[in-house]
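See below for the structure under consideration.
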Amino acid sequence: MLRLAAFVIVCALIALAALPVDNIAQIQLSVGILLTLLLLRPLAYRRPPFDDLGRFLRILFIVLALLLSIRYFWWRTSSTLPTQDIASLLAGLLLYGAELFAFIVMVVGAFVSIHPLNRPILPMPDDRSTWPTVDVLVPTYNESDSLLETTLLGALGIDYPANKIRIYLLDDGSTRAKRIQSDPERAREARERHRRLKKLCTKLGVRYLTRERNESAKAGNLNHALDYIQGEFILILDADHIPTRDILTNTLGWLICDPGIFLVQSPHFFVTPDPIEKNLKTFQQMPSEQEMFYTNVQRGMDFWNASFFCGAAAVLRRRHLDEIGGIKGQTITEDAETALALHARGYRSAYIWRPMIAGLQPENFISFVKQRTRWAQGMTQILILSNPLRIPGLSWWQRLAYLNSMLFWLFPFARIVFLCAPLAYLFLGLGIYNASINEVLILALPHVLSVVMLSDYLYGNARWVFVSEFYEQLLALFLIRPLIQVLRSPRHPQFEVTAKGEIQDQDHISPLIRPLYSMIGLTTIGLAIGVWRYFESPWERDTVILTMTWASINLIMLLGSLGALVERQQRRVAVRIPCRYPAQIQAAGRLIEGETEDLSVTGIGLIIKAEDAEWLRRHPPDWVRLQGTSIKTGRIAVRLQNIRAHAETAQLGLLLVAPTLDDCQAIVSLAYSGSERWRDMLRQRNRRVGVLKPLVFLFALMFRYLGDHLRLRWQAVLIWMRTHFPFGSRVIR
């Protein structure tokens, strides 16, 4: 009934949008709908769509917002396309196409998000001897030994019968082809890595697998492992995904109860900021960029039985994988491709919104762009090679849900058009949008406001308004070329592994800055030309004002992006996880009580009383012991790294000295074991703040760190001048 109602509503909206009305009636309609949306917002926020009233309010909000947008597009299609010359028509059609693309993505996204599921956790059978067998697969390519050890220790700590679980490290960085390659240095590194990781797996009691050649990237690595494992289910973890103890007991219930379910996916939760968050220092201040997908979109897709495999933090049924020949490898996003093939066979998926892994984000903007490039190219490959509109076996709502995720990654084309469209008029005088200021205020402005309000209503708990615009505009400059490449040759994109745990010795400007500089320069010149046009062509002043306003908004966003490309210093390799546990420190025979501030497998941050800090300055600590709810460590030898004294307390930085395997596993369990803690952190970060606060916050933040960018650029200029003009170094100083 809900699906039939959606179809009827769409038809009614189109009919209403086509009704001709005068300007006064249009103003009254727009103001009335916008005021209704404002009044509905607090009530709709308080009633999530888990009952009849909540669903009704959600559909009503979406329908009213879309009515204004559909009226805008009816007018936009019939009245605003430029026809004065071919060049203007082509430029106008490009802009119209970009707007229409954004509108289609918004409408399909609203459809997908009509009823986000809040799927409960099903309990496991009481008799643990009846639990199914599970293989845990950890594929790796170039990750560090310490990172892999942490992930494997987390996997060893999973709460599951020891005779029912096997853990495998799948090493694609030490294949036989790499160990015997022609480059002697790289061959030596591969052989050394092979030796080290085999030794690590032996020490931990984990099975080690590698293969002859690196074929089909991650999909090939996983499929090679399928020949060596026999478990009924497979838990896949990325090399930087440390699982919680309850990941299997929280996910397997659905797979046991419903033999038609091939996948239970859980969110990817990150304990480090992405490069933009790190550079702008917004981590924990607002929701992370990926949280909209894992908090809202995947739950919405789960309602339509279209929640898909995200490559890790998921449990799959082995029997269903075997039916399609294992993990699909036609594209570089093997995860979504595999889920699409199994959905087309009539199997179902489930999504549990509970973070059960702790992962790492890319450390710098280059790695961040590589990761997003892989996702954008992979989803575009699926759109071309395995288009959900053509694959038999899918329901129409599954087709739309998959199409929503694929179309999204074409955003760079629309974003580039939005950046360049005002410049087409300012530089070349091309007509791109035939409308007066009054028409824009009466029809375009209500459309923009309704889109902003709808976006905040659907996704504002997990992504603040205007954050998407900032991320997408910045990424578009770097993703547009790879997307063109994959459209020209969809079968041959290059798979690039995202580096994690990298070190950066000092602040610096990202090497990828040039496209941003170019766009800032062009927009600035365009605005200068606009000033000239304003005085030179008085009859075009409406158009000049509109395009200069548009270009000015673009310039503000571009200038703000400069702060996001100041790469911050990153020297700590091991991630320290904030957590509070009682601790005891012994120094010179004295036992000191304290509390942990953060933990890692290489060090511990502690908080102690200020008077105890004075004792530790004179008497270095011998060992530390930690106590959790059900886990405690032995006496771990430590070395004092630093003391930061405050009025009543002091912070200690301790380095672990040769901790035992049991102690390392206890530390990993203390730091990473509880999914409840990750869920609490996610809920604290995912909060609604409305529309105006994110706008003010984002712009203030961007321009606060714009100064850092200018300072580093000036330092680079001075260094260049001193290098090339040494005779003037005294003057330059």
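Quick reminder: no glycine exception, Cβ is built from N, Cα and C everywhere.
Here is what TrEMBL says about this protein:
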TRANSMEM  27-44  transmembrane segment
TRANSMEM  56-74  transmembrane segment
TRANSMEM  86-114  transmembrane segment
DOMAIN    136-324  domain 'Glycosyltransferase 2-like'
TRANSMEM  407-428  transmembrane segment
TRANSMEM  440-459  transmembrane segment
TRANSMEM  516-535  transmembrane segment
TRANSMEM  547-566  transmembrane segment
DOMAIN    570-671  domain 'PilZ'
TRANSMEM  689-707  transmembrane segment
If one takes Cβ-Cβ under 8 Å and requires six or more residues beyond its ends, the residues near the transmembrane segment (516-535) are 419, 422-423, 426-427, 429, 474, 477, 541, 544-545, 547-548, 551-552, 554-555, 558-559, 561-562, 565
Maximum Cβ pairs under 8 Å to the transmembrane segment (689-707) among 27-44, 56-74, 407-428, 440-459, 547-566 is reached by 547-566
Given the transmembrane segment (27-44), its same-chain partners at Cβ distance under 8 Å and 6+ residues beyond its ends are 21, 54, 57-58, 60-61, 64-65, 67-68, 71, 442-443, 446, 449-450, 453, 457
Quick tally over 56-74, 86-114, 440-459, 547-566 of CB pairs under 8 Å to the transmembrane segment (407-428) gives the top stretch as 86-114
If one takes Cβ-Cβ under 8 Å and requires six or more residues beyond its ends, the residues near the transmembrane segment (86-114) are 2, 6, 49, 55, 58-59, 62, 66, 69, 73, 76-77, 80, 296-297, 300-301, 303-304, 306, 400-401, 403-404, 407-408, 410-411, 413-414, 417-418, 421, 424, 428, 430-434, 451, 454-455, 458-459
Averaged over the domain 'Glycosyltransferase 2-like' (136-324), the pLDDT of the predicted model comes to 95
Across the domain 'PilZ' (570-671), DSSP yields 20 helix, 50 strand, 32 coil
